[in-house]
Each structure stands twice: as structure tokens, then as C-alpha cells.
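Engineer: Let me begin by handing over the structure; questions about it come next.
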Amino acid sequence: MIWIMMPTNVFWLHWLPDIHKKADSTYFGQQGAYILIYSFPILLIATLGCLCLHLEKYTDDSENRTPRDQRFVSWRQPVLVRGPLGIVSWTELSCLVMFVVLLVWSVSAYVHSMFKNITRQSASKMGELVWEVKLDSVALLLGLVGNICLSFLFFPVTRGSPILRLVGLTSESTVKYHIWLGHTVLTLFTAHGLCYIIFWADTHQMLEMLKWSKVGISNVAGEVALLSGLAMWITSLSVVRRKLFELFFYTHHLYIVFILFFVLHVGFSYSCIMLPGFYLFLIDRLLRFLQSQQRIRLISARVLPCQAMELNVSKDPRLTYNPSSIMFINMKSISKLQWHPFTITSNNNTDPDQLSIVIKSEGSWSQKLYEKLSSPTPIDQLDISVEGPYSPTSTSFLRELVFLASTKKKTPRILLVAVFKKSPDLTMLDLLLPLSGTSHDISQLQLQIQAYVTRDRSPSTDSQKLPQSIWLKPSVVDGPVSAVLGSNSWLWLGAIIAASFIIFLLLIGLLNQYYIYPVDQNTNVIYPYAARSMISTVFLCVSVVIAATLAFIWNKKQNMRDTRQIQNSDSPTPMSRPVPESWRYNVERELESIPHRSFKQVTTVHYGTRPNLQKILSDNNEYNVGVLVSGPKKMREDVAEICSSDLKNLHYRSFSFNCGFWLYLISSKKSFGKIAFVHEN
């Protein structure tokens, strides 16, 4: 409501003055009203959202009732397949349309309110021409609309955002909107700056560019913010980012300079418009940093002939995740600064004590990792740190079905269409089964696999090789992957948001009451804007650090106590006892104690051809179909277009995996829906 009313004279001439009369105090000054109407509502929604998400795990019984996600599953169906934004669901499209409408309304309302009183008489009184006055108004308009876009910029990159979860989105699926918002923000702010430069040049006021006002707008701070934004913008263009990714990555840390000088440019009060998104991002970024300082126990690895690797790390049994989750990995022996996201492929039921990711050797970082693992000289250990996992909760596709089949539960009939470029990639199918000591009965699983190799016309010798299993020696300081805020992470996150905001209000209240108010008397014309803005920004950061760090330390100590209790009460497991020497230094480096199990008996391989998906779907309508694609963007779009246009009466959902694959799930039966969409957000 505030964003809609903000461009109108009703808001500026009536609402805002009335709010100031009732909200301004000796504790918060005039910035108290801006905090109340711009920042508080969003942070309140985020806090209540965390409480709602926490309570969901107690109220959502997928066995007895339809989950909330299934009722709204149609909103997650793709509506746009081809285009600059890629595959867009109805939920994303509705949010996008509302945002565009807000921008159009804001521009039109500002133009109407600003231009209606510009006449020759009013311009001559200011000693300017009509077009110069209009140019001045346009420059201000561009800045105001840019602020609205900036308000949304940080929401898509807040990985643990309760706001995104509440509307059924995830950070990994909305990062494309961060990119487009960034383009829009910098376009508007650049035009904002250029318009003022032209205005100052024409009116002989170029010295305004060097103005740092004690009270009001600081032009120098705005110029520094714009220059840092332009540096991020240029290096984020795809032509630069794809060739010089590290330059893009490190330059993007200029967002700290950008935000700081933006606050100094407009003042802390007006920056409260963009504060909520940045506030939630700041909390998320600090928690990620704290989690990344812990070294993780890497148990084993599987190396495939197609130069793909599966890493298995120890995890807290209470940590839940799903295969569409992602986890960021850092290995200091390869690079101390690089973090790479990978999709989790393991399952809680089949792998309760470990977590698996799959990495394809397609870049310099992954190639170095592959060389280390495939080296003839055995390696003892690898230092690894993680951030995550990040995702909504959903089921684990084939490994979940393996678990259900082994427990004699009824499973749906599944046809998996797997598309690969070369025949060695067929060994990726071996990763569908977990590498664990527990034997799962797959004979009851109703699964058929149709594998297509598009570039090879016959099998190669590499495709006949078995995966190579490597067991690593953990360090005494390594620990399992655990939730950064424990099992009640949403509840703790809500507490951090609320507590840090209260601490922030206490700090600025005391500062204003006993230091600023005696000098300024709430006139906003005596105490420097820059000093007030800088102190408020520092207090905000300090509040977040205090609340988040205390919550993290408390949960870390609690997790250590719980882990010791579990280890003392349970019998030794492969995760807690020393790994036998024969497992570590086996000449063949294969896990001989576990028989090799695969889906070879149910797999049919087709060489030198691509699948005719429409024919497959029509010939196998009694099956639930999953299409696993590792190929060019054109092929992924073909699959999505078939699913969205020709299969409107079927359940359909797509997942992007960071190991280089896309999975499309298609079904006409509700049984598949219960499995594929349970908790799927």
C-alpha cells in the first residue's frame, strides 16, 4: 500500500506529515516514522513467516492429507518456456506482472504530480527554462523509481529468505530476477546521474558535483555509489562474466561500497525504503560466513569414467534436505576463495548419516579436484567447507522410491528417459543408488530406464568401467554437516530478525535521546546527515552481528552436546569409528565389502539418436515419466515446450541440478503426485 501511494501528493502532502506528527519522538527523531512505515512491516512479515514455516513441520502430515504445496501445484507449472527469463512459472509471472504494474504506476504518478505545476511563469521565477525544470524533475523521478527497484534487489539472493519461501519461490530459481533488477537499478541510476549532470552543465552549476552537504542530499556520495555500481554492472555482463568470472565475483563485493554511499547520499531515513531486503540479506550472509568456518568430514568419493565425481560427507542425522537442494563447496587445497554450488543427490532415508553431491569435471576447479581424486598416488584427506543446504523440502526421487520399495510399500511405475552426449556418461546412472553398507531391495521397484546417447553410435570401453571408490581419512577437527541454526532453524531465524531489530532500535534510541536530540532538537538542520547515517548504519550492522553470532554459538554448543550424547548411546558407525586400513589403501581402491548393484537389468540404451518424447509419452501412458537431460539449452526448451503445450492435463515439474542435468517429471496419476510434489515448494 505504501509503495502504491508513495508517488502521490496524497502521501507526501497529507499522509506523511500526519505520520510524522504522531511518530516523531525525542528517541528516534524524524527517521522513526520512516522506519515505521518502510522497514517495520516487511521485517514483521519475515518474522511471522519464520514462525509459520517452523510450525509447518508439526502440522504437515503428508500421509493423511494433501499438502499445501499440492493444492497450489498449478501455480508452479511453466507458462513461459522460451525467452530472456527462461522457464517461468505462474507464480513468478504473477509477481513479475505486479512489479511491472507498480513501476508503470509509479512513473505515471510521479510525472503527473511533478509536471502539472510546471509553467513558463513558475520556471521564470526560478530563473530557468521550462525544459530545464522538467529535466530536473525527470532526474529526480528516475532516482525515486530506481529506489523502488533497489528495494527488491536483495530478496532473490537471500538464500535462507522466509519471504521467498512464503510465496513459493527459492533463491536459486529467482537469481535471474536479481540480474534483471540489477540491470534496471543501474540503468535508472545512471540516467538519474546523467540528467543531473546535463542540468548542472546547462545551468552553470557544475560545482554541484563536488557538493557534500551537511544537511540534505550529498552529491559526492551519490557519485561514489554510482561509480561502484557501474563497476559491478560492467563486470556482470554475460560477455565479461563468462570469460572472467573471478573478476565479476570479486568486483561484486563493491555492493558494500554501493550501499554505504547510497545511504550517505539520501540519508538513513529515506534509505529505509530499501532497508528490509538488505537487512535480511545481511543476516543471511553473516550466518553463511559463520557456517563456512567449520571444516567438514569428507568420508568417501566415487570417481566415474565420464570424469564425474560423487563426494560423500558426514552429516548430522537430524539435518533434512532434498535432491533439489544445493550446497556451496570450498576446498582450500584447490582455492581458498572459490565457492561452487552443487546439487545434493542423496536421500535422508537411504543415507541418514551422510550427504552426497555430484560434480562433473567441466572447469578448472572441478578438473583439479578430479585430478586429485583420480591420481595413482592415494590421498588421505581433503579439507572441505560448506554453506547450506538451501532449498524447500521435497521428496527424493529415485532413492526415495528405492527406500519405499525396500520397505514393501507400493511405488508407482516409473519410466526414466536419460539423455547423454557420450557413452561414458552412462555411468552416471550408477549414482542413482547410494554407496552405503545398507542393502536395499530394488527388485520391487517398478522402474524402466530408456537411455539415449546422442553422439556415440556404439558403446566405448570407458562405459564398461566400474566407478572407483575412495575412502578418506577424516581429521579430528572435522565435523558433520549440520543446520547452521539447528533443527529449529526457522524459529531461530525469526528470533534473530526480531532481536536484532529491537537491539538496533535501542541503540539509535539512546543515541538520539542523549546525543543528537540535545544538539538538533528534531529540526534536522543542525546535526550532520552523514554522521547520523553512518552511525545508524554501524548500529544496524552491530545489532545483526550480536543477535546472529549469539544464536549461532548457542546452537553450535547444543549440537555438540547432542552429538556426544548420540555417539555415547549408539553403537559405533562407519561415520564415528576409524575407517579400516583396507578400505583406505586398497590397491584397487574399490569397496569390496559392498556388492556392485545397478539398474543395468532395467536399462535399455539407444545409441546415435535423440528421444522422440511425444511418442514415448503416448506409448507409455501407464507410466509416470521422468526425463533426465544433459544437453544444450535448445533440447531443454524442447522438453519444456512439449510438457507445457501438449501435456496440459498432466502433472509436470522441472528441476535444475547444478551437476549439469535437468529433470522433468510428468504424470497423469495422483500416486506420482504424492511422491514428486510432497513438500515441494
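Glycine too: its Cβ is placed from the backbone N, Cα and C atoms.
Sharing the record's features from TrEMBL:
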- 291-396: domain 'FAD-binding FR-type' (DOMAIN)
- 33-53: transmembrane segment (TRANSMEM)
- 96-115: transmembrane segment (TRANSMEM)
- 135-157: transmembrane segment (TRANSMEM)
- 177-200: transmembrane segment (TRANSMEM)
- 212-234: transmembrane segment (TRANSMEM)
- 254-282: transmembrane segment (TRANSMEM)
- 490-517: transmembrane segment (TRANSMEM)
- 529-554: transmembrane segment (TRANSMEM)
Engineer: Count the residues of the domain 'FAD-binding FR-type' (291-396) that DSSP assigns to helix (H, G, I), to strand (E, B) and to coil, and report the three numbers in that order.
Structural biologist: 13 helix, 39 strand, 54 coil
Engineer: Please identify the stretch among 96-115, 135-157, 177-200, 212-234 with the greatest number of Cβ pairs below 8 Å relative to the transmembrane segment (529-554).
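Structural biologist: Ranking 96-115, 135-157, 177-200, 212-234 by Cβ pairs under 8 Å to the transmembrane segment (529-554) puts 212-234 first.
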Engineer: Short question: most Cβ pairs under 8 Å with the transmembrane segment (33-53), which of 96-115, 135-157, 177-200, 212-234, 254-282?
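Structural biologist: Looking at each of 96-115, 135-157, 177-200, 212-234, 254-282 in turn, the most contacts to the transmembrane segment (33-53) are made by 254-282.
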